[in-house]
Amino acid sequence: MDPEKEEGLDERHGNKSKGVQASPVHSSVALVEEETDEADPWNLPELKDTGVPWSALDTKGKVLRVLVSIGKLVLLLGFLYMFICSLDLLSSAFQLVGGKTAGDIFQDNSVLSNPLAGLVIGVLVTLLVQSSSTSSSIVVSMVSSGLLTVQLAVPIIMGTNIGTSVTNTLVAMTQAGDRSTFRRAFAGATVHDFFNWLSVLVLLPLEVATGYLYMVTKLIIDSFNIQSGEAPDLLNVITDVLTESVIELDETVLGGIATGDPAARNKSLIRKWCQSFTNTSCTSPSLCWDDGNYTFTLKNISETYNIQKCKHLFVDVDLPDLAVGLILLALSLLVLCSCLILIVKLLNSMLKGQVAAVIKTILNHDFPFPFGWVTGYIAILVGAGMTFIVQSSSVFTSAITPLVGIGVISIERAYPLSLGSNIGTTTTAILAAMASPGDTLANALQIALVHFLFNISGILLWYPIPVTRLPIRLAKGLGNITATYRWFAAVYIICCFFLLPLFVFSLSLAGWQVLVGVGAPLLIILIIIIVINMLQKCKPGCLPAKLRSWDFLPLWAHSLAPWDGVVGVINSKCCCCCKCCQVAAEDPEHQEKESVENNKKTHTEVYDNPAMSAEKETTRTILNIIRLIL
């Protein structure tokens with residue numbers, strides 16, 4: 001047929017030709033997407049200034065803009081202060097809700113003798129109290145009292161390193177509104193998680209086999225005559241003014257429960273008296289005597305007198321610790337989320353145009369060749385210094401997560417900053433350990449050095465050589481997944497920080513035979529899957545034809561798309577509880593539109609791959625079953 005006539009037919013029957021279009025074959029969808037999506041989603045976005053340029057303003061406008069900028073900066077500092085205080089209150093709330101349970105977990109020495117169980121206990125306890133410093137101090141008190149050896153405490157310290165990284169991951173969830181922002185924020189938060197998990201995967205077996213961390217720290221302790229000192233308070237001096245007016249906790253109660261003190265179990269974690277005096281006196285004059293400047297007693301009695309009551313909000317509240325903890329948990333989460341949203345809004349309004357360009361250049365720029373490699377190590381030092389100032393790695397990493405999300409800090413720069421925060425929190429623990437009494441100084445300091453050496457060893461494994469920076473690639477991969485399927489972020493947090501530790505802990509309670517019998521086959525299967533995935537990407541020719549892709553498996557077994565449909569059905573069922581959703585569902589026009597869409601789908605499916613049609617039919621069957629159940 002003549003091309004001109006053919007074009008005329010297309011023009012006359014344009015509506016009909018546009019109505020039915022062949023969908024691409026499933027195997028070519030990825031190619032089509034790669035051609036249309038040319039922009040790299042990990043490139044930092046340009047924060048464009050939509051306001052009036054500075055040069056176009058008159059004197060009054062310039063003065064007003066300066067005053068508004070100063071006001072925004074003051075508000076930003078105020079919200080940041082409230083954000084840090086809310087994290088402190090969140091830690092106190094978790095201690096009230098699960099602190100005594102955490103102390104009970106530490107008491108079972110038969111379980112702690114298993115290194116893997118010790119690691120999981122460290123993760124779970126840090127999740128319960130939301131503070132690696134608190135969980136580490138419990139471990140220190142147990143070692144000092146002789147209930148736990150330093151060797152058994154090493155895996156627990158590794159677990160606290162993992163548990164403390166969940167806070168900034170939860171903070172990233174608050175930025176799920178925009179896909180691009182959520183992709184960067186979640187990757188910037190989970191790069192810390194992947195570093196901790198990979199370090200444990202290498203260093204825990206090494207520690208079990210050789211005792212590397214214990215031996216090196218023992219050598220350091222024996223080589224130096226370390227004198228006890230006093231730990232500085234730094235940022236706590238500012239934040240304690242607000243947090244102590246809300247709640248004050250008695251930290252000795254958790255240590256007493258962990259060390260088996262029966263009196264501590266009946267005590268409340270809420271401190272009632274902030275100042276007390278203990279008087280020790282002789283029970284009888286015949287049982288004590290003076291010899292010069294010394295007084296000798298055979299039997300004495302100690303009496304504690306309460307002098308000054310605390311002044312926080314819950315000092316006179318007659319509620320159990322659990323109720324107070326739940327109230328404080330809701331309050332702190334509300335303040336934390338509100339402050340975080342307001343901080344992000346303020347940063348978006350302030351970091352525009354030339355200001356954003358200057359800040360992004362300073363934070364993400366590398367030194368000129370051949371000193372470009374130094375930039376990352378300076379970022380590590382900056383992260384360590386900032387964490388030392390705020391005295392919490394959770395606070396620092398949670399503060400930089402929104403900056404990664406809005407595109408001010410790249411994930412490549414956030415990675416060394418997070419590594420530095422790991423070191424910074426250990427230096428605070430070292431100084432705190434040096435404030436211990438002389439008889440417990442050596443053990444307390446050795447545990448703090450174990451934490452420090454663990455993070456240094458992890459940095460040596462996963463940072464100096466660019467090829468070994470696996471946490472960045474893994475975090476970006478997870479960020480891409482969560483940007484497409486946002487519900488997967490919640491699945492990741494629940495599985496990695498709750499279900500997996502609880503599963504391993506339950507197997508540990510059953511004994512090492514059950515742990516090895518169940519865990520070893522699962523680990524072997526996981527390793528095989530990882531190796532096959534790597535070969536599929538790098539050298540598919542080495543694999544049999546069937547294993548060069550996972551298409552031989554059902555679609556739901558190698559793709560999240562069917563599960564995304566399941567989540568969508570569940571969400572729609574939840575939404576249909578509202579009257580408006582029910583009205584929309586009963587509307588004849590709505591039903592007519594659905595029937596038209598179904599007809600279009602049947603037309604396009606004619607051109608689909610037959611194998612894909614079968615997979616789609618399976619997916620529809622699953623969705624129909626879920627609809628019937630719901």
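Any Cβ shown, glycine's included, is placed from N, Cα and C.
Quick look at what TrEMBL annotates:
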type     : residues : note
REGION   : 1-26     : region 'Disordered'
TRANSMEM : 63-90    : transmembrane segment
TRANSMEM : 111-132  : transmembrane segment
TRANSMEM : 152-173  : transmembrane segment
TRANSMEM : 194-215  : transmembrane segment
TRANSMEM : 322-347  : transmembrane segment
TRANSMEM : 367-389  : transmembrane segment
TRANSMEM : 444-463  : transmembrane segment
TRANSMEM : 484-504  : transmembrane segment
TRANSMEM : 510-532  : transmembrane segment
Top partner of the transmembrane segment (63-90) among 111-132, 322-347, 484-504, 510-532 - counted as Cβ pairs under 8 Å: 322-347
Please identify the stretch among 111-132, 152-173, 194-215, 322-347, 367-389 with the greatest number of Cβ pairs below 8 Å relative to the transmembrane segment (510-532). 111-132
Answer key: the stretch among 111-132, 152-173, 194-215, 444-463 with most Cβ pairs under 8 A to the transmembrane segment (367-389) is 444-463
State the residues, same chain only, that lie 6 or more residues beyond the ends of the transmembrane segment (322-347) and have a CB under 8 A from a CB inside it; answer 'none' if no residue qualifies. 72, 75-76, 79-80, 82-83, 85-87, 89-90, 92-97, 171, 174-175, 246-247, 270, 314, 402-403, 405-406, 408
